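Data block below; observations after.
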Amino acid sequence: MSQVEVRNVTKRFGRTVALDDVSIAFEDGGFFALLGPSGSGKTTLLRTIAGFHFPDSGSIRIGERNVEKVPVEKRDIGMMFQNYALFPNMSVAENVGFGLRVRKVGSAEETRRAREALELVQLGHLGDRRPSQLSGGQRQRVALARAIVTNPKVLLLDEPLSALDKTLRVDMQIELKRIQREVGITTIFVTHDQEEALTLSDRIGILRDGRIVQAGPPREVYNRPVDAFAAGFLGEANWLSEGALAGLTLPADPSGRRFATRPEALAISAAAPAPGMNAVRGQLVQRVFAGAMATCLVEVDGQPWKLIARDRDIPELPGDGAVWLAWAPQDTLVVPA
Amino acid sequence: MAEVIHAQDRRRLLTLLGPAYLWLTLAVFLPLSAMLFFSFLSDMPGDAPDWGVTLGNYTQFLENPTYATLLWKSLKLGVTVTLFCIVIGYPCALVLAKSIKGRAREALFLMVILPFWSNSLVRIFSWAIVLRGNGVLERTLNWILPFDIRLNLMFTTEAVVIGLVHSYLPYVILTSYLALQAIDDDLIDAARSMGASKLTILNRLLLPLSLPGLLAGAVLVFVPVVGSFMEPRILGGRMGTYYGTVIEDQFVAVYNWPLGAALSFILLAVVLVILGAASPVLRRART
């Protein structure tokens with residue numbers, strides 16, 4: 001268990017710059033999500049920390065050790081792959097014991113620790129099976145057990161849950177979080193699923209074009225995005241056009257800034273809202289009922305806006321679709337233009 | 001397929017498979033049956049008026065130890081050539097499948113397949129030019145090395161092995177390549193992340209997972225090499241008498257087709273017995 005520190009790392013593949021002067025620290029025992037669109041460099045960053053790539057410049061520390069020139073075999077990491085990458089020619093127990101056997105811990109200890117790891121992921125009874133005889137969720141757990149059995153300094157997860165269907169994914173998220181807490185291992189995981197990032201991690205890093213756009217606790221990144229990309233990528237943002245700013249209480253000088261709201265911060269009504277609230281007029285395009293929650297798509301000054309609220313909190317709306325959208329002034333997002 | 005096949009499906013199956021079976025019957029089954037029939041004749045009908053059915057051709061194999069000696073020699077040749085093909089071909093396939101990407105791979109692949117596209121006689125005589133005394137190989141070595149060297153490999157067992165390995169190497173490379181390429185690179189990355197060295201990865205992952213392909217290639221080499229006659233004859237000269245050349249002699253020189261046919265079927269039986277004995281190993285590799 002160690003702190004991981006990436007300092008000024010640049011990595012090029014041919015002419016493309018995959019990582020552009022990236023500096024980021026991963027706290028000891030923390031659960032860190034790297035989030036970004038495809039091609040943002042998040043996987044490259046993970047694989048560079050793992051040791052599959054060596055940075056062109058910059059340094060990487062795992063614990064007390066500078067590892068930027070150490071190959072992956074010697075970095076003492078645990079990694080979980082998108083497609084699990086279980087060895088099909090070995091049993092589940094052999095898969096989990098592989099890293100221990102490589103470290104020559106002795107067969108008795110290998111068996112004991114492999115069983116412990118399998119019990120941790122609640123698969124103690126399946127050690128003799130082949131990976132091909134397991135379900136997707138079980139394979140996932142085996143891959144996790146295999147990644148942590150050697151007590152690595154850091155656990156790296158490359159889109160670990162993206163191959164699972166939605167219900168199973170939520171179960172695995174909870175399970176992953178439980179095991180991570182139990183083991184206390186520094187965990188870095190890559191995902192393009194923002195909900196997953198918010199659910200699991202205690203810190204988030206948003207990447208774009210090989211740079212870290214913003215890093216911090218999920219709530220902070222969500223509520224105070226540093227730029228329009230971060231605001232739009234983590235959660236959804238309703239942008240206020242310049243013409244709509246008049247009469248609103250804004251937290252900052254509008255010159256050189258853009259303002260937005262989150263869909264869940266809005267209230268919709270047919271009548272003008274109480275004074276003290278920010279409000280804009282809009283035209284209701286669609287109201288989508290989804291059980292407990294409902295989504296309203298509203299056109300505001302030519303911009304598409306979205307509102308998410310409990311369905312019961314949305315009042316009867318007029319037939320002509322002319323509505324007010326209101327939010328508390330402190331819920332306004334501010335980013336540089 | 002395990003369910004009941006309806007009449008309509010059966011008809012469709014027959015139409016689709018029919019041509020293939022017809023071809024197999026015409027091209028494989030009938031000639032083989034004819035040969036099997038010949039192998040039990042005392043003389044070819046038409047050659048001698050008093051031909052009859054006999055087991056004599058098969059007993060000849062037992063009576064004359066030369067045949068068994070030559071068969072043993074041919075089997076040893078098969079094992080030698082197969083081993084060389086594996087030792088040379090598997091690393092080639094490994095590099096081709098796991099280290100080289102893109103255009104370079106295509107170019108190298110072409111060079112691997114090239115022996116297949118050249119006429120085998122041309123190929124063998126080219127080796128003759130290279131291997132003979134004062135040939136390409138000897139001259140090149142003398143040109144590079146500071147001391148004088150005499151190297152005449154022509155008409156030796158080594159020449160036969162070199163020629164055969166060159167002819168059959170592509171089989172091992174192709175089958176191993178396909179098996180290796182099917183192995184997900186993430187498996188290798190996963191093993192590396194657990195601290196496995198390259199050797200461990202080769203022994204515990206790549207070899208076991210590609211063994212079916214490697215063995216398929218080995219079988220594809222072993223079987224024809226045991227019965228080979230062209231390379232032994234041209235490159236082996238006096239040393240090149242093998243079981244295959246004896247069979248060939250029966251057909252083209254001595255014109256004793258029944259004996260040639262009998263010897264062929266004995267070879268077929270021996271090869272089948274060897275493959276049958278090896279099949280548990282082959283089957284285990286597949287799972």
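Even glycines carry a Cβ here, placed using N, Cα and C.
Summarising the annotation, TrEMBL assigns domain 'ABC transmembrane type-1' to B:71-278.
Sequence-remote contacts of a segment are chain residues at least 6 beyond its ends whose Cβ falls under 8 Å from one of its Cβ atoms, and for the transmembrane segment (B:20-41) they are 51-55, 57-58, 257-258, 261-262, 264-265. Among the features that TrEMBL reports, transmembrane segment is placed at B:20-41 (among others).
Sequence annotations record features per position, and here TrEMBL assigns transmembrane segment to B:77-96 (among others).
According to TrEMBL, the transmembrane segment annotation covers B:108-131 (among others). Counting same-chain residues at least six beyond the ends of the transmembrane segment (B:108-131), those with a Cβ under 8 angstroms from any Cβ of the stretch are 92, 96, 100, 137, 152-154, 159, 162-163, 166-167, 169-170, 173-174, 230-231, 234-235.
TrEMBL lists B:151-180 (among others) with the feature transmembrane segment.
Residues of the same chain lying 6 or more positions beyond the ends of the transmembrane segment (B:201-223) and with a Cβ under 8 Å from any Cβ of it are 78-79, 81-82, 85-86, 89-90, 94, 98, 168, 171-180, 183, 187-188, 191-192, 271, 275, 281-282, 285-286. Residues or ranges marked as transmembrane segment in TrEMBL: B:201-223 (among others).
What TrEMBL lists as transmembrane segment is B:259-282 (among others).
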